[in-house]
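**Q** According to TrEMBL:
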SIGNAL    1-24  signal peptide
DOMAIN    25-123  domain 'Phytocyanin'
REGION    127-182  region 'Disordered'
COMPBIAS  127-144  compositional bias 'Low complexity'
COMPBIAS  151-182  compositional bias 'Low complexity'
Amino acid sequence: MAGTVPIAAGLVVLLAAVAAPAYATDYVVGDSSGWTSGVDYTTWAKGKTFSVGDNLVFQYSAMHTVAEVSSADYSACSSSNSLQSFSDQNTKIALTAPGTRYFVCGTPGHCSGGMKLAVTVSAAATTAPAASTTPPATTPAAPGSDDDTPPETTTPSATTPPATTTAPTTKSTSTSTGGASGGDAKLAMGVLASAAGLVGLALMA
């Protein structure tokens, strides 16, 4: 529990530092002329950027005052209903919120003579912490998944041609039988011719 208190305090300081203006400026009203008669404060304020956190510094003599008034009283040069009034001759007024602030000199006749100032306050510029960019994690490719890896080649398996079966040849017995029968007929004719010859020789004798 004791360790969380310093941590919480550190976070508050960090948030305050982030929300604080990037810089603050003290504007001396009228510059070297100060807060006095004969100065055009509308021209002096033109071109300046007043932000929350800046300060207006009024430097003036004892014959002048600084009165913050409403918009209507500013236009009417009236300080009878001033929001706040100062006569210390060196007044610093903090610009704490966005909007328009109105100031006049409370000495009669001085506001109508030009001792009046209106400033528009803009929101403070904050310094945002730089966003860190973390590169996305890369997953190593699985071996063999790279595009440069040649595809695996498959060797076709040798196929054994189907065994051919030769049917046994059956010799016809009719042809051989016929041949044998013809041989026997020729032999019988030869025997008969020889017998006929012998008979003829016997008759002639």
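Using the three backbone atoms N, Cα and C, a Cβ is placed for every residue, glycine included.
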**Q** For the domain 'Phytocyanin' (25-123), what does DSSP give as the number of helix, strand and coil residues?
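**A** Summed over the domain 'Phytocyanin' (25-123), the classes give 14 helix, 35 strand, 50 coil.
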**Q** Please work out the mean pLDDT for the residues of the domain 'Phytocyanin' (25-123).
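**A** Here the predicted model's pLDDT, averaged over the domain 'Phytocyanin' (25-123), is 97.
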